[in-house]
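Over in TrEMBL, the protein carries these features:
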- 75-94: compositional bias 'Basic residues' (COMPBIAS)
- 98-109: compositional bias 'Basic and acidic residues' (COMPBIAS)
- 4-62: domain 'Tudor' (DOMAIN)
- 53-109: region 'Disordered' (REGION)
- 208-230: transmembrane segment (TRANSMEM)
- 250-273: transmembrane segment (TRANSMEM)
- 294-313: transmembrane segment (TRANSMEM)
- 325-344: transmembrane segment (TRANSMEM)
- 455-475: transmembrane segment (TRANSMEM)
- 481-500: transmembrane segment (TRANSMEM)
- 521-542: transmembrane segment (TRANSMEM)
- 562-581: transmembrane segment (TRANSMEM)
Amino acid sequence: MPSRKFADGEVVMGRWPGSVLYYEVQVTSYDDVAHLYTVKYKDGTELALKESDIRSQSSFKHRKSQSSSSSPSRRSSRSRSRSPGRPAKGRRRSASQSREHREDKKKTLQETSLALPVFIGFLIGKPSENNTKRYNGEPESTEKNDTSCIVLEQKLKPDLEIKRVLEQYSLRSRKDDKKKEEIYSEKKTFVAVKPIEKLPSKTKELEFGGRIGTFMLMFLLPATVLYLLLMCKQDDPSLMNFPPLPALESLWDGRVFGIFLLWFLLQAVFYLLPIGKVVEGLPLSNGKKLQYRINGFYAFILTAAVLGILLYFQLELHYLYDHFMQFAVSAVAFSLALSIYLYLRSLKAPEEELAPGGNSGYFIYDFFIGHELNPRIGSFDLKYFCELRPGLIGWVVINLAMLLAEMKIHNLSMPSLSMILVNSFQLLYVVDGLWNEEAVLTTMDITHDGFGFMLAFGDLVWVPFVYSLQAFYLVGHPTTITWPAAAAITVLNCIGYYIFRSANSQKNNFRRNPADPKLANLKFIPTATGKGLLVTGWWGFVRHPNYLGDIVMALAWSLPCGFSHILPYFYVVYFICLLVHREARDEHHCKQKYGLAWERYCQRVPYRIFPYIY
(Lines of atoms letter the chains of each structure in order from A and count residues from 1; the text may use other names and numbers.)
(Lines give C-alpha, C1' and ligand atoms only; values in the text may rest on other atoms or scores of the structure.)
Protein backbone atom coordinates (compact mmCIF):
# COMPACT_ATOMS: atom_id res chain seq x y z
CA MET A 1 0.00 0.00 0.00
CA PRO A 2 1.52 3.37 -0.98
CA SER A 3 2.38 5.64 1.90
CA ARG A 4 0.46 8.83 2.50
CA LYS A 5 2.38 11.97 1.47
CA PHE A 6 0.30 14.79 3.00
CA ALA A 7 -1.10 14.84 6.55
CA ASP A 8 -4.49 16.12 7.78
CA GLY A 9 -4.44 19.85 8.41
CA GLU A 10 -1.43 20.44 6.17
CA VAL A 11 -1.68 23.51 3.92
CA VAL A 12 -0.66 22.65 0.35
CA MET A 13 -1.34 23.78 -3.21
CA GLY A 14 -4.21 21.97 -4.98
CA ARG A 15 -4.99 22.04 -8.69
CA TRP A 16 -8.47 23.31 -9.54
CA PRO A 17 -10.40 20.72 -11.65
CA GLY A 18 -10.31 21.40 -15.38
CA SER A 19 -7.54 24.00 -15.18
CA VAL A 20 -3.80 24.33 -14.76
CA LEU A 21 -4.04 26.72 -11.83
CA TYR A 22 -3.13 25.80 -8.26
CA TYR A 23 -4.68 27.34 -5.16
CA GLU A 24 -3.91 27.12 -1.48
CA VAL A 25 -5.92 24.34 0.19
CA GLN A 26 -5.98 22.46 3.47
CA VAL A 27 -6.03 18.68 3.68
CA THR A 28 -8.99 17.49 5.77
CA SER A 29 -8.91 13.70 5.30
CA TYR A 30 -7.56 10.87 3.17
CA ASP A 31 -9.40 7.86 1.69
CA ASP A 32 -7.14 4.80 1.93
CA VAL A 33 -9.27 2.83 -0.53
CA ALA A 34 -9.67 5.39 -3.32
CA HIS A 35 -6.33 7.09 -2.55
CA LEU A 36 -7.98 10.50 -2.67
CA TYR A 37 -7.32 13.54 -0.51
CA THR A 38 -10.28 15.61 0.67
CA VAL A 39 -9.16 19.24 0.59
CA LYS A 40 -10.84 22.50 1.48
CA TYR A 41 -10.32 25.67 -0.54
CA LYS A 42 -10.34 29.12 1.01
CA ASP A 43 -13.89 29.77 -0.24
CA GLY A 44 -15.12 26.71 1.65
CA THR A 45 -15.43 24.38 -1.34
CA GLU A 46 -14.54 20.79 -0.50
CA LEU A 47 -13.20 18.50 -3.24
CA ALA A 48 -11.44 15.16 -3.59
CA LEU A 49 -8.07 15.35 -5.38
CA LYS A 50 -5.48 12.81 -6.45
CA GLU A 51 -2.01 13.00 -5.00
CA SER A 52 -0.68 14.05 -8.40
CA ASP A 53 -2.89 17.16 -8.26
CA ILE A 54 -1.41 18.31 -4.94
CA ARG A 55 1.98 19.93 -4.43
CA SER A 56 3.74 21.33 -1.42
CA GLN A 57 4.02 25.08 -0.98
CA SER A 58 7.82 24.89 -0.86
CA SER A 59 8.01 23.64 -4.43
CA PHE A 60 6.01 26.66 -5.62
CA LYS A 61 8.19 29.08 -3.68
CA HIS A 62 11.30 27.45 -5.15
CA ARG A 63 10.01 27.81 -8.67
CA LYS A 64 9.06 31.38 -8.05
CA SER A 65 12.57 32.25 -6.89
CA GLN A 66 14.05 30.50 -9.91
CA SER A 67 11.82 32.34 -12.32
CA SER A 68 12.49 35.67 -10.70
CA SER A 69 16.26 35.14 -10.75
CA SER A 70 16.18 34.28 -14.41
CA SER A 71 13.84 36.99 -15.62
CA PRO A 72 14.35 38.37 -19.14
CA SER A 73 15.48 41.73 -17.85
CA ARG A 74 18.20 40.20 -15.71
CA ARG A 75 19.33 37.88 -18.45
CA SER A 76 19.54 40.79 -20.86
CA SER A 77 21.42 42.87 -18.31
CA ARG A 78 23.87 40.04 -17.70
CA SER A 79 24.39 39.60 -21.45
CA ARG A 80 24.98 43.31 -21.86
CA SER A 81 27.43 43.53 -18.97
CA ARG A 82 29.26 40.28 -19.78
CA SER A 83 32.06 42.05 -21.72
CA PRO A 84 31.71 45.81 -21.60
CA GLY A 85 35.08 46.28 -23.20
CA ARG A 86 34.50 43.91 -26.09
CA PRO A 87 32.48 44.72 -29.19
CA ALA A 88 29.49 42.52 -29.91
CA LYS A 89 29.52 39.99 -32.70
CA GLY A 90 28.84 41.48 -36.11
CA ARG A 91 29.09 45.10 -37.03
CA ARG A 92 28.67 47.82 -34.36
CA ARG A 93 25.31 49.61 -34.39
CA SER A 94 25.03 53.36 -34.47
CA ALA A 95 23.23 55.35 -31.74
CA SER A 96 20.10 55.85 -33.88
CA GLN A 97 20.00 52.15 -34.77
CA SER A 98 20.30 51.25 -31.07
CA ARG A 99 17.36 53.50 -30.24
CA GLU A 100 15.28 51.91 -33.01
CA HIS A 101 16.25 48.48 -31.71
CA ARG A 102 15.16 49.37 -28.16
CA GLU A 103 11.85 50.80 -29.40
CA ASP A 104 11.18 47.66 -31.45
CA LYS A 105 11.97 45.51 -28.42
CA LYS A 106 9.69 47.59 -26.19
CA LYS A 107 6.88 47.28 -28.75
CA THR A 108 7.38 43.53 -28.89
CA LEU A 109 7.17 43.27 -25.11
CA GLN A 110 3.97 45.33 -25.09
CA GLU A 111 2.39 43.11 -27.74
CA THR A 112 3.44 40.05 -25.76
CA SER A 113 1.90 41.43 -22.55
CA LEU A 114 -1.29 42.26 -24.44
CA ALA A 115 -1.59 38.82 -25.96
CA LEU A 116 -0.67 36.91 -22.80
CA PRO A 117 -4.12 37.20 -21.11
CA VAL A 118 -5.76 36.04 -24.33
CA PHE A 119 -3.39 33.07 -24.55
CA ILE A 120 -4.12 32.15 -20.97
CA GLY A 121 -7.82 32.61 -21.64
CA PHE A 122 -7.64 30.18 -24.58
CA LEU A 123 -5.80 27.71 -22.35
CA ILE A 124 -8.60 28.00 -19.81
CA GLY A 125 -11.13 27.50 -22.54
CA LYS A 126 -13.16 30.73 -22.40
CA PRO A 127 -11.29 33.90 -23.56
CA SER A 128 -12.83 37.22 -22.71
CA GLU A 129 -14.23 39.57 -25.33
CA ASN A 130 -11.75 42.33 -24.51
CA ASN A 131 -8.81 39.95 -24.81
CA THR A 132 -10.01 38.82 -28.22
CA LYS A 133 -10.32 42.40 -29.41
CA ARG A 134 -6.80 43.22 -28.40
CA TYR A 135 -5.49 40.02 -29.92
CA ASN A 136 -7.13 40.91 -33.23
CA GLY A 137 -5.58 44.37 -33.12
CA GLU A 138 -8.75 46.41 -32.55
CA PRO A 139 -7.90 49.86 -31.19
CA GLU A 140 -8.63 51.04 -27.69
CA SER A 141 -9.39 54.54 -26.53
CA THR A 142 -6.15 55.47 -24.74
CA GLU A 143 -2.95 53.88 -23.63
CA LYS A 144 -3.92 54.39 -20.00
CA ASN A 145 -7.16 52.49 -20.46
CA ASP A 146 -5.15 49.73 -22.13
CA THR A 147 -2.94 49.35 -19.12
CA SER A 148 -5.89 49.60 -16.72
CA CYS A 149 -7.81 46.89 -18.58
CA ILE A 150 -4.78 44.62 -18.48
CA VAL A 151 -4.58 45.09 -14.74
CA LEU A 152 -8.29 44.43 -14.39
CA GLU A 153 -8.13 41.25 -16.41
CA GLN A 154 -5.23 39.95 -14.41
CA LYS A 155 -7.10 40.79 -11.19
CA LEU A 156 -10.41 39.25 -12.24
CA LYS A 157 -9.01 36.24 -14.11
CA PRO A 158 -8.99 33.83 -11.11
CA ASP A 159 -12.59 34.76 -10.21
CA LEU A 160 -13.76 34.22 -13.79
CA GLU A 161 -12.11 30.83 -13.98
CA ILE A 162 -13.49 29.72 -10.63
CA LYS A 163 -16.97 30.71 -11.78
CA ARG A 164 -16.53 28.75 -15.03
CA VAL A 165 -15.29 25.62 -13.28
CA LEU A 166 -18.09 25.79 -10.71
CA GLU A 167 -20.62 25.87 -13.57
CA GLN A 168 -18.88 23.08 -15.47
CA TYR A 169 -18.65 20.69 -12.52
CA SER A 170 -21.96 21.74 -10.88
CA LEU A 171 -20.10 22.81 -7.76
CA ARG A 172 -21.42 25.30 -5.27
CA SER A 173 -19.38 27.55 -3.06
CA ARG A 174 -20.21 27.25 0.63
CA LYS A 175 -19.81 30.98 1.18
CA ASP A 176 -22.16 33.22 -0.75
CA ASP A 177 -20.37 36.42 0.21
CA LYS A 178 -21.22 39.40 -1.95
CA LYS A 179 -18.45 40.56 -4.24
CA LYS A 180 -17.19 43.95 -3.15
CA GLU A 181 -16.60 46.77 -5.59
CA GLU A 182 -12.94 47.05 -6.52
CA ILE A 183 -11.26 50.24 -7.71
CA TYR A 184 -8.06 50.06 -9.65
CA SER A 185 -5.97 53.14 -10.28
CA GLU A 186 -2.90 54.04 -12.29
CA LYS A 187 -1.32 57.42 -11.59
CA LYS A 188 -4.31 59.85 -11.47
CA THR A 189 -6.66 57.84 -13.69
CA PHE A 190 -9.23 55.73 -11.77
CA VAL A 191 -11.22 52.95 -13.38
CA ALA A 192 -14.15 51.71 -11.27
CA VAL A 193 -15.21 48.13 -11.75
CA LYS A 194 -18.91 47.52 -11.21
CA PRO A 195 -19.39 44.46 -8.97
CA ILE A 196 -21.07 41.41 -10.36
CA GLU A 197 -24.53 41.57 -8.82
CA LYS A 198 -25.62 38.35 -7.21
CA LEU A 199 -28.93 37.21 -8.59
CA PRO A 200 -31.56 36.05 -6.09
CA SER A 201 -30.99 32.42 -5.15
CA LYS A 202 -34.13 30.89 -6.55
CA THR A 203 -35.45 27.57 -5.25
CA LYS A 204 -34.80 25.08 -8.06
CA GLU A 205 -35.90 21.78 -6.52
CA LEU A 206 -39.61 21.94 -5.75
CA GLU A 207 -41.09 19.58 -3.18
CA PHE A 208 -44.58 18.14 -2.68
CA GLY A 209 -45.20 17.89 -6.42
CA GLY A 210 -44.31 21.49 -7.23
CA ARG A 211 -46.98 24.06 -7.99
CA ILE A 212 -49.73 21.55 -8.77
CA GLY A 213 -48.98 19.40 -5.73
CA THR A 214 -48.92 22.29 -3.27
CA PHE A 215 -52.12 23.75 -4.75
CA MET A 216 -53.91 20.45 -4.20
CA LEU A 217 -52.48 20.06 -0.70
CA MET A 218 -54.01 23.37 0.39
CA PHE A 219 -57.43 21.77 -0.17
CA LEU A 220 -56.57 18.19 0.69
CA LEU A 221 -55.11 18.89 4.15
CA PRO A 222 -58.16 20.72 5.60
CA ALA A 223 -60.45 18.12 3.99
CA THR A 224 -58.43 15.33 5.65
CA VAL A 225 -58.77 16.91 9.08
CA LEU A 226 -62.54 17.30 8.73
CA TYR A 227 -62.86 13.76 7.37
CA LEU A 228 -60.99 12.25 10.32
CA LEU A 229 -63.07 14.17 12.85
CA LEU A 230 -66.33 13.21 11.15
CA MET A 231 -65.25 9.56 11.09
CA CYS A 232 -64.56 9.59 14.82
CA LYS A 233 -68.08 10.89 15.45
CA GLN A 234 -69.65 7.90 13.69
CA ASP A 235 -70.72 4.73 15.49
CA ASP A 236 -68.96 2.66 12.82
CA PRO A 237 -65.79 4.54 11.83
CA SER A 238 -64.72 2.09 9.13
CA LEU A 239 -63.03 3.33 5.99
CA MET A 240 -65.86 2.08 3.78
CA ASN A 241 -68.49 3.96 5.79
CA PHE A 242 -68.12 7.50 4.48
CA PRO A 243 -69.61 10.05 6.90
CA PRO A 244 -72.43 12.35 5.77
CA LEU A 245 -71.39 15.93 5.08
CA PRO A 246 -72.62 18.38 7.72
CA ALA A 247 -74.43 21.60 6.88
CA LEU A 248 -72.05 24.48 6.21
CA GLU A 249 -73.68 26.75 8.78
CA SER A 250 -73.06 24.12 11.46
CA LEU A 251 -69.29 24.32 10.88
CA TRP A 252 -68.96 27.95 11.90
CA ASP A 253 -69.56 29.56 15.26
CA GLY A 254 -68.47 33.13 15.99
CA ARG A 255 -68.18 32.43 19.71
CA VAL A 256 -65.87 29.49 19.05
CA PHE A 257 -63.69 31.61 16.78
CA GLY A 258 -63.51 34.25 19.52
CA ILE A 259 -62.36 31.62 22.03
CA PHE A 260 -59.68 30.46 19.59
CA LEU A 261 -58.41 34.04 19.17
CA LEU A 262 -58.38 34.46 22.95
CA TRP A 263 -56.30 31.29 23.30
CA PHE A 264 -53.82 32.53 20.66
CA LEU A 265 -53.48 35.92 22.36
CA LEU A 266 -53.03 34.32 25.78
CA GLN A 267 -50.08 32.26 24.51
CA ALA A 268 -48.65 35.38 22.84
CA VAL A 269 -48.73 37.19 26.18
CA PHE A 270 -46.92 34.28 27.87
CA TYR A 271 -44.35 34.33 25.06
CA LEU A 272 -43.59 38.03 25.64
CA LEU A 273 -43.07 37.67 29.39
CA PRO A 274 -39.46 38.48 30.36
CA ILE A 275 -38.84 35.08 31.91
CA GLY A 276 -36.46 32.41 30.71
CA LYS A 277 -33.06 32.74 29.11
CA VAL A 278 -32.33 34.36 25.75
CA VAL A 279 -30.24 32.38 23.26
CA GLU A 280 -28.97 32.94 19.73
CA GLY A 281 -30.07 30.89 16.76
CA LEU A 282 -27.89 29.59 13.96
CA PRO A 283 -26.20 32.15 11.67
CA LEU A 284 -28.33 33.44 8.81
CA SER A 285 -27.13 33.93 5.24
CA ASN A 286 -26.02 37.48 6.10
CA GLY A 287 -24.09 36.27 9.17
CA LYS A 288 -26.55 37.65 11.71
CA LYS A 289 -27.93 35.59 14.59
CA LEU A 290 -31.46 36.11 15.83
CA GLN A 291 -32.24 36.00 19.53
CA TYR A 292 -34.94 33.77 21.01
CA ARG A 293 -36.42 33.69 24.49
CA ILE A 294 -36.68 30.15 25.83
CA ASN A 295 -39.77 30.17 28.04
CA GLY A 296 -42.07 27.55 26.49
CA PHE A 297 -42.04 25.39 29.62
CA TYR A 298 -42.95 28.42 31.75
CA ALA A 299 -45.83 29.15 29.37
CA PHE A 300 -47.03 25.58 29.86
CA ILE A 301 -46.93 25.96 33.66
CA LEU A 302 -48.84 29.25 33.48
CA THR A 303 -51.42 27.68 31.14
CA ALA A 304 -51.92 24.81 33.57
CA ALA A 305 -52.39 27.29 36.40
CA VAL A 306 -55.01 29.24 34.43
CA LEU A 307 -56.88 26.03 33.52
CA GLY A 308 -56.79 24.89 37.14
CA ILE A 309 -58.35 28.14 38.26
CA LEU A 310 -61.04 27.96 35.57
CA LEU A 311 -61.87 24.36 36.43
CA TYR A 312 -62.10 25.33 40.09
CA PHE A 313 -64.76 27.86 39.13
CA GLN A 314 -66.72 25.13 37.31
CA LEU A 315 -65.55 25.77 33.76
CA GLU A 316 -67.09 23.19 31.44
CA LEU A 317 -64.01 22.16 29.47
CA HIS A 318 -65.96 19.47 27.62
CA TYR A 319 -67.44 22.39 25.65
CA LEU A 320 -64.38 21.89 23.49
CA TYR A 321 -65.51 18.33 22.68
CA ASP A 322 -69.07 19.43 21.89
CA HIS A 323 -67.81 22.05 19.38
CA PHE A 324 -64.72 20.26 18.20
CA MET A 325 -65.56 20.62 14.49
CA GLN A 326 -66.18 24.35 14.88
CA PHE A 327 -62.85 24.78 16.66
CA ALA A 328 -61.09 22.93 13.83
CA VAL A 329 -62.76 25.12 11.18
CA SER A 330 -61.86 28.25 13.16
CA ALA A 331 -58.24 27.11 13.30
CA VAL A 332 -58.25 26.50 9.52
CA ALA A 333 -59.66 29.96 8.83
CA PHE A 334 -57.16 31.62 11.17
CA SER A 335 -54.19 29.76 9.66
CA LEU A 336 -55.31 30.77 6.15
CA ALA A 337 -55.64 34.43 7.14
CA LEU A 338 -52.23 34.28 8.84
CA SER A 339 -50.68 32.73 5.71
CA ILE A 340 -52.04 35.53 3.52
CA TYR A 341 -50.60 38.14 5.87
CA LEU A 342 -47.24 36.35 5.94
CA TYR A 343 -46.99 36.21 2.15
CA LEU A 344 -47.97 39.87 1.66
CA ARG A 345 -45.36 41.07 4.14
CA SER A 346 -42.72 38.81 2.59
CA LEU A 347 -43.00 40.73 -0.69
CA LYS A 348 -41.27 43.67 1.02
CA ALA A 349 -38.68 41.57 2.86
CA PRO A 350 -34.99 41.93 1.88
CA GLU A 351 -33.53 39.22 -0.30
CA GLU A 352 -31.31 37.81 2.47
CA GLU A 353 -34.36 37.30 4.71
CA LEU A 354 -36.19 35.02 2.27
CA ALA A 355 -36.38 31.29 2.86
CA PRO A 356 -34.03 29.15 0.74
CA GLY A 357 -36.79 26.60 0.26
CA GLY A 358 -39.60 29.05 -0.54
CA ASN A 359 -38.10 31.40 -3.11
CA SER A 360 -39.11 29.73 -6.35
CA GLY A 361 -40.85 32.71 -7.93
CA TYR A 362 -44.14 30.76 -8.17
CA PHE A 363 -46.92 32.31 -6.09
CA ILE A 364 -48.69 29.08 -5.10
CA TYR A 365 -45.52 27.24 -4.16
CA ASP A 366 -44.01 30.11 -2.17
CA PHE A 367 -47.34 30.76 -0.45
CA PHE A 368 -47.50 27.13 0.66
CA ILE A 369 -43.86 26.63 1.68
CA GLY A 370 -43.36 30.13 3.08
CA HIS A 371 -41.55 33.00 1.37
CA GLU A 372 -39.94 34.70 4.37
CA LEU A 373 -37.67 32.69 6.66
CA ASN A 374 -38.12 34.46 10.01
CA PRO A 375 -41.05 36.90 9.91
CA ARG A 376 -40.97 39.10 13.01
CA ILE A 377 -43.02 41.92 14.45
CA GLY A 378 -40.36 43.69 16.45
CA SER A 379 -38.85 40.94 18.60
CA PHE A 380 -41.93 38.71 18.27
CA ASP A 381 -40.93 35.79 16.03
CA LEU A 382 -44.15 34.48 14.47
CA LYS A 383 -42.78 31.16 13.23
CA TYR A 384 -40.95 30.28 16.42
CA PHE A 385 -44.00 31.21 18.50
CA CYS A 386 -46.39 29.04 16.49
CA GLU A 387 -43.95 26.14 16.39
CA LEU A 388 -44.43 25.17 20.05
CA ARG A 389 -46.99 27.35 21.80
CA PRO A 390 -50.63 27.50 20.58
CA GLY A 391 -50.74 24.10 18.85
CA LEU A 392 -48.50 21.96 21.05
CA ILE A 393 -49.86 23.21 24.37
CA GLY A 394 -53.34 23.22 22.83
CA TRP A 395 -52.89 19.50 22.08
CA VAL A 396 -52.61 18.80 25.83
CA VAL A 397 -55.65 20.96 26.59
CA ILE A 398 -57.70 19.08 23.97
CA ASN A 399 -56.67 15.73 25.44
CA LEU A 400 -57.75 16.91 28.88
CA ALA A 401 -61.09 18.05 27.46
CA MET A 402 -61.60 14.61 25.88
CA LEU A 403 -60.82 12.93 29.20
CA LEU A 404 -63.44 15.03 31.00
CA ALA A 405 -65.94 14.49 28.17
CA GLU A 406 -65.49 10.70 28.44
CA MET A 407 -66.20 10.81 32.16
CA LYS A 408 -69.34 12.93 31.67
CA ILE A 409 -70.80 11.05 28.68
CA HIS A 410 -70.22 7.56 30.14
CA ASN A 411 -70.90 8.55 33.77
CA LEU A 412 -67.46 7.47 34.97
CA SER A 413 -66.01 8.36 38.34
CA MET A 414 -62.54 8.22 36.78
CA PRO A 415 -61.28 8.06 33.20
CA SER A 416 -60.68 4.74 31.46
CA LEU A 417 -57.26 3.12 31.51
CA SER A 418 -56.93 3.62 27.76
CA MET A 419 -57.63 7.35 28.07
CA ILE A 420 -55.14 7.66 30.93
CA LEU A 421 -52.42 5.98 28.86
CA VAL A 422 -53.02 8.19 25.82
CA ASN A 423 -53.05 11.38 27.91
CA SER A 424 -49.95 10.37 29.86
CA PHE A 425 -47.87 9.33 26.84
CA GLN A 426 -48.66 12.46 24.85
CA LEU A 427 -48.25 14.73 27.87
CA LEU A 428 -44.73 13.35 28.33
CA TYR A 429 -43.95 14.07 24.67
CA VAL A 430 -45.18 17.69 24.87
CA VAL A 431 -43.40 18.43 28.15
CA ASP A 432 -40.19 16.97 26.73
CA GLY A 433 -40.45 19.24 23.67
CA LEU A 434 -41.03 22.33 25.80
CA TRP A 435 -38.29 21.45 28.26
CA ASN A 436 -35.82 21.01 25.40
CA GLU A 437 -37.17 23.99 23.48
CA GLU A 438 -33.71 25.25 22.51
CA ALA A 439 -33.12 22.19 20.32
CA VAL A 440 -35.89 23.39 17.96
CA LEU A 441 -33.61 26.18 16.75
CA THR A 442 -31.48 23.70 14.79
CA THR A 443 -34.38 21.98 12.98
CA MET A 444 -35.13 22.51 9.29
CA ASP A 445 -38.45 24.15 10.19
CA ILE A 446 -36.50 27.05 11.68
CA THR A 447 -33.31 27.09 9.59
CA HIS A 448 -34.62 26.23 6.11
CA ASP A 449 -38.41 26.40 5.70
CA GLY A 450 -40.20 29.69 5.45
CA PHE A 451 -43.33 30.47 7.42
CA GLY A 452 -46.25 29.95 5.07
CA PHE A 453 -49.41 27.88 4.83
CA MET A 454 -47.58 24.59 5.40
CA LEU A 455 -46.21 25.45 8.84
CA ALA A 456 -49.11 27.71 9.86
CA PHE A 457 -51.65 24.98 9.12
CA GLY A 458 -49.42 22.29 10.59
CA ASP A 459 -48.77 24.15 13.85
CA LEU A 460 -52.27 25.51 14.45
CA VAL A 461 -54.52 22.84 12.91
CA TRP A 462 -52.77 19.55 12.22
CA VAL A 463 -50.91 19.19 15.52
CA PRO A 464 -53.75 19.93 17.95
CA PHE A 465 -56.62 18.36 15.99
CA VAL A 466 -54.96 15.31 14.38
CA TYR A 467 -52.44 14.42 17.07
CA SER A 468 -55.33 14.25 19.56
CA LEU A 469 -57.18 11.78 17.32
CA GLN A 470 -56.76 8.83 19.73
CA ALA A 471 -58.28 10.73 22.66
CA PHE A 472 -61.15 11.99 20.49
CA TYR A 473 -61.76 8.45 19.22
CA LEU A 474 -61.88 6.96 22.74
CA VAL A 475 -64.69 9.33 23.80
CA GLY A 476 -67.12 7.81 21.31
CA HIS A 477 -65.57 4.33 21.19
CA PRO A 478 -64.49 3.29 24.68
CA THR A 479 -61.96 0.48 24.73
CA THR A 480 -61.16 -1.75 27.68
CA ILE A 481 -57.63 -3.09 28.07
CA THR A 482 -56.13 -5.28 30.74
CA TRP A 483 -53.40 -4.24 33.12
CA PRO A 484 -50.79 -6.58 31.59
CA ALA A 485 -51.56 -5.09 28.17
CA ALA A 486 -51.29 -1.60 29.62
CA ALA A 487 -47.95 -2.50 31.18
CA ALA A 488 -46.63 -3.85 27.86
CA ILE A 489 -47.78 -0.71 26.00
CA THR A 490 -46.14 1.46 28.65
CA VAL A 491 -42.84 -0.40 28.22
CA LEU A 492 -43.06 0.08 24.46
CA ASN A 493 -43.63 3.81 24.87
CA CYS A 494 -40.71 4.05 27.30
CA ILE A 495 -38.43 2.30 24.81
CA GLY A 496 -39.44 4.71 22.05
CA TYR A 497 -39.01 7.70 24.32
CA TYR A 498 -35.59 6.50 25.49
CA ILE A 499 -34.39 6.14 21.88
CA PHE A 500 -35.85 9.52 20.94
CA ARG A 501 -34.49 11.47 23.90
CA SER A 502 -31.05 9.82 24.23
CA ALA A 503 -30.39 10.18 20.48
CA ASN A 504 -31.34 13.87 20.49
CA SER A 505 -29.37 14.54 23.67
CA GLN A 506 -26.34 12.79 22.23
CA LYS A 507 -26.47 14.95 19.12
CA ASN A 508 -27.17 18.23 20.94
CA ASN A 509 -24.42 17.71 23.54
CA PHE A 510 -21.92 16.88 20.80
CA ARG A 511 -22.84 20.02 18.85
CA ARG A 512 -22.45 22.25 21.90
CA ASN A 513 -19.15 20.84 23.17
CA PRO A 514 -17.44 18.09 21.14
CA ALA A 515 -14.53 18.13 23.60
CA ASP A 516 -16.73 17.16 26.56
CA PRO A 517 -15.00 14.31 28.48
CA LYS A 518 -18.38 12.57 28.78
CA LEU A 519 -18.41 12.18 24.99
CA ALA A 520 -14.86 10.84 24.74
CA ASN A 521 -16.14 7.39 23.74
CA LEU A 522 -17.96 8.77 20.69
CA LYS A 523 -16.26 8.58 17.31
CA PHE A 524 -17.01 10.94 14.46
CA ILE A 525 -16.08 11.86 10.90
CA PRO A 526 -14.74 15.43 10.57
CA THR A 527 -16.25 17.65 7.88
CA ALA A 528 -15.16 20.81 6.09
CA THR A 529 -17.81 22.82 7.97
CA GLY A 530 -16.01 22.23 11.26
CA LYS A 531 -18.72 19.90 12.55
CA GLY A 532 -18.44 16.15 13.02
CA LEU A 533 -20.72 13.28 12.00
CA LEU A 534 -21.19 10.78 14.82
CA VAL A 535 -20.57 7.16 13.82
CA THR A 536 -20.98 5.57 17.25
CA GLY A 537 -23.81 5.51 19.76
CA TRP A 538 -27.33 5.83 18.39
CA TRP A 539 -26.10 7.72 15.32
CA GLY A 540 -23.88 4.80 14.41
CA PHE A 541 -26.87 2.45 14.64
CA VAL A 542 -29.10 4.24 12.10
CA ARG A 543 -28.81 7.67 10.49
CA HIS A 544 -31.96 9.05 12.12
CA PRO A 545 -32.51 7.25 15.44
CA ASN A 546 -34.74 10.07 16.72
CA TYR A 547 -37.22 9.24 13.95
CA LEU A 548 -37.15 5.59 14.99
CA GLY A 549 -38.09 6.62 18.53
CA ASP A 550 -40.92 8.80 17.18
CA ILE A 551 -42.47 5.91 15.28
CA VAL A 552 -42.26 3.51 18.25
CA MET A 553 -43.98 6.09 20.47
CA ALA A 554 -46.68 6.71 17.84
CA LEU A 555 -47.49 3.00 17.85
CA ALA A 556 -47.73 2.99 21.66
CA TRP A 557 -50.18 5.93 21.51
CA SER A 558 -52.51 4.01 19.17
CA LEU A 559 -52.50 0.59 20.85
CA PRO A 560 -54.77 1.64 23.76
CA CYS A 561 -57.53 2.19 21.17
CA GLY A 562 -57.65 -1.53 20.39
CA PHE A 563 -57.96 -3.16 17.01
CA SER A 564 -61.66 -2.72 16.21
CA HIS A 565 -60.94 -0.02 13.62
CA ILE A 566 -57.91 1.19 11.72
CA LEU A 567 -58.77 4.87 12.21
CA PRO A 568 -56.67 5.38 15.40
CA TYR A 569 -53.66 4.01 13.53
CA PHE A 570 -53.90 6.68 10.88
CA TYR A 571 -51.48 8.65 13.01
CA VAL A 572 -48.89 5.86 12.82
CA VAL A 573 -49.16 5.61 9.03
CA TYR A 574 -49.01 9.39 8.70
CA PHE A 575 -46.03 9.60 11.05
CA ILE A 576 -44.10 7.01 9.06
CA CYS A 577 -44.80 8.85 5.78
CA LEU A 578 -43.90 12.20 7.35
CA LEU A 579 -40.62 10.99 8.80
CA VAL A 580 -39.62 9.18 5.61
CA HIS A 581 -40.21 12.44 3.72
CA ARG A 582 -38.24 14.41 6.29
CA GLU A 583 -35.49 11.83 6.17
CA ALA A 584 -35.23 12.24 2.39
CA ARG A 585 -34.99 16.01 2.83
CA ASP A 586 -32.33 15.59 5.51
CA GLU A 587 -30.34 13.24 3.27
CA HIS A 588 -30.35 15.73 0.41
CA HIS A 589 -29.50 18.65 2.68
CA CYS A 590 -26.66 16.81 4.44
CA LYS A 591 -25.19 15.62 1.16
CA GLN A 592 -24.99 19.20 -0.08
CA LYS A 593 -23.67 20.49 3.22
CA TYR A 594 -21.06 17.84 4.10
CA GLY A 595 -20.10 16.47 0.65
CA LEU A 596 -17.72 13.51 0.71
CA ALA A 597 -17.89 13.28 4.49
CA TRP A 598 -21.60 12.46 4.26
CA GLU A 599 -20.92 9.76 1.67
CA ARG A 600 -18.38 8.21 4.01
CA TYR A 601 -20.92 8.40 6.83
CA CYS A 602 -23.56 6.65 4.69
CA GLN A 603 -21.10 3.85 3.92
CA ARG A 604 -20.38 3.52 7.63
CA VAL A 605 -24.07 3.66 8.65
CA PRO A 606 -26.11 2.09 5.81
CA TYR A 607 -29.56 2.02 7.48
CA ARG A 608 -31.64 5.20 7.58
CA ILE A 609 -34.47 4.70 10.11
CA PHE A 610 -35.23 1.01 10.57
CA PRO A 611 -32.19 -1.20 11.25
CA TYR A 612 -31.71 -4.02 8.71
CA ILE A 613 -34.85 -2.85 6.84
CA TYR A 614 -34.59 0.77 5.66
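Just so it is clear, glycine is given a Cβ too, placed from its N, Cα and C backbone atoms.
The stretches the transmembrane segment (208-230) and the transmembrane segment (521-542) are not in mutual contact, being linked by fewer than three Cβ pairs under 8 Å (pairs 6 or more apart in sequence). Counting Cβ pairs closer than 8 Å to the transmembrane segment (294-313), the top stretch among 250-273, 325-344, 455-475, 562-581 is 250-273.
250-273 is the stretch from 250-273, 455-475, 521-542, 562-581 with the greatest number of Cβ pairs below 8 Å to the transmembrane segment (325-344). It is 455-475 that, among the stretches 250-273, 455-475, 521-542, forms the most Cβ pairs under 8 Å with the transmembrane segment (562-581).
With a cut-off of 8 Å between Cβ atoms, the residues of this chain six or more beyond the transmembrane segment (521-542) that come close are 28-29, 38, 40, 44, 46, 174, 499, 502-503, 506-507, 510-511, 514, 548, 593-595, 597-598, 600-601, 604-605, 607-611.
Across the residues of the domain 'Tudor' (4-62), the predicted structure has a mean pLDDT of 81.
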